[in-house]
Amino acid sequence: METTVGTLGENTTNTFTDFFSARDGSGAETSPLPFTFSYGDYDMPSDEEEDVTNSRTFFAAKIVIGMALVGIMLVCGIGNFIFITALARYKKLRNLTNLLIANLAISDFLVAIVCCPFEMDYYVVRQLSWEHGHVLCASVNYLRTVSLYVSTNALLAIAIDRYLAIVHPLRPRMKCQTAAGLIFLVWSVSILIAIPAAYFTTETVLVIVESQEKIFCGQIWPVDQQFYYRSYFLLVFGLEFVGPVIAMTLCYARVSRELWFKAVPGFQTEQIRRRLRCRRRTVLGLVCVLSAYVLCWAPFYGFTIVRDFFPSVFVKEKHYLTAFYVVECIAMSNSMINTLCFVTVRNNTSKYLKRILRLQWRASPSGSKASADLDLRTTGIPATEEVDCIRLK
């Protein structure tokens with residue numbers, strides 16, 4: 001299911017014989033997806049075309065997509081559930097950075113348990129055919145888009161939080177009301193920006209070969225609104241990729257300068273050295289998260305820019321759709337990296353998994369305090385200095 005679609009000019013009527021042709025319920029042929037169109041704008045040839053879903057290339061891509069979706073469901077579903085449960089169970093884990101990570105965990109968890117099963121059915125089982133109705137088509141696309149923007153905004157908020165904590169340590173930390181407002185902003189901005197994704201998402205019958213049809217599920221913008229689509233895409237590209245990446249890079253560059261290249265005045269006690277090592281590990285982990293985010297999402301945005309602003313590049317490419325879905329799957333896999341970095345790698349999730357399976361939600365009265373302290377020491381999260389470096393601030 002595509003989350004963005006491109007646009008075509010009026011002079012491209014007869015250039016799509018290698019793509020799917022689409023038609024509405026009345027039988028009027030239209031321009032091929034995934035480019036935007038309005039029904040009846042194009043007079044497509046009715047030649048029988050090859051079903052690309054039967055090619056070896058698509059078969060290989062289907063295996064890759066299936067493995068990625070299974071990985072997302074397992075890693076993001078289980079890992080984020082355990083982290084959210086731990087955060088709800090242990091109050092000492094509820095600092096600002098962990099709360100910001102929780103927003104990212106919630107969004108990835110929802111995608112893993114709600115969106116990925118439908119996408120597995122769409123991509124792998126039915127091979128690019130949607131059979132679940134318009135409402136679910138729009139809902140799944142919308143939820144996945146909101147999750148992407150929540151993840152981006154949460155990562156940006158975490159970077160700013162680390163910048164303020166390390167570069168300006170004497171400034172007071174955020175109050176509960178401010179933190180709640182920041183979390184509300186992360187979600188509200190994401191929900192609002194993603195509204196067009198739901199509004200323009202629809203189902204369209206694709207005629208692959210004679211007597212064979214598939215139902216496309218994705219965004220379809222009318223040709224007469226191509227200017228608005230391009231403007232919307234550039235807005236999203238700037239607000240939810242370029243801007244956050246630049247801001248996060250500047251924050252971590254300034255933090256790195258503070259931690260590695262600035263001399264610490266006075267005598268360095270063991271406590272100070274431990275805190276410095278902890279902060280450096282934190283920043284290295286966050287830089288890895290940022291690098292993974294760029295490497296996973298840059299190909300997706302680059303592919304989309306070429307498709308939407310230079311459509312002739314892909315017009316004659318037989319395996320265009322296969323390539324796009326693979327790029328999209330790589331982008332979605334970024335949620336697994338976030339989960340592994342923030343939740344699994346240094347969060348001792350096996351202990352919490354055993355407790356959940358045994359329904360041991362409460363510690364014994366005599367040892368509750370000691371148990372909570374032990375849990376706090378064994379659940380360090382790379383991005384959270386307050387947890388990794390207990391009592392050092």
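Using N, Cα and C of the backbone, Cβ positions are placed for all residues, glycine too.
Fair warning: this is a prediction, and the values are worked out from it, not measured in the lab.
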According to Swiss-Prot, do Cys278 and Ser312 sit on the same side of the membrane? no
Tell me, from Cys217, Cys251, Cys278, which cysteine Swiss-Prot puts in a disulphide with Cys137. Cys217
If one consults Swiss-Prot for N-linked glycosylation site across Asn11, Asn347, the residue flagged is Asn11
State the residues, same chain only, that lie 6 or more residues beyond the ends of the transmembrane segment (99-119) and have a CB under 8 A from a CB inside it; answer 'none' if no residue qualifies. 1, 69, 72-73, 75-77, 80-81, 83-84, 87, 132, 136, 140, 143-144, 146-147, 150-151, 154-155, 157-158, 161, 179, 182-183, 186-187, 332, 335, 338-339, 342-343, 381, 383-384
So how many other Cβ atoms are close to Cys217 (disulfide bond), meaning within 10 Å of its Cβ? 27
Sort Cys217 (disulfide bond) into helix, strand or coil using the DSSP assignment. strand
Across the topological domain 'Cytoplasmic' (167-179), what is the average pLDDT of the model, as a whole number? 81
Any idea what DSSP makes of Cys137 (disulfide bond), helix, strand or coil? helix
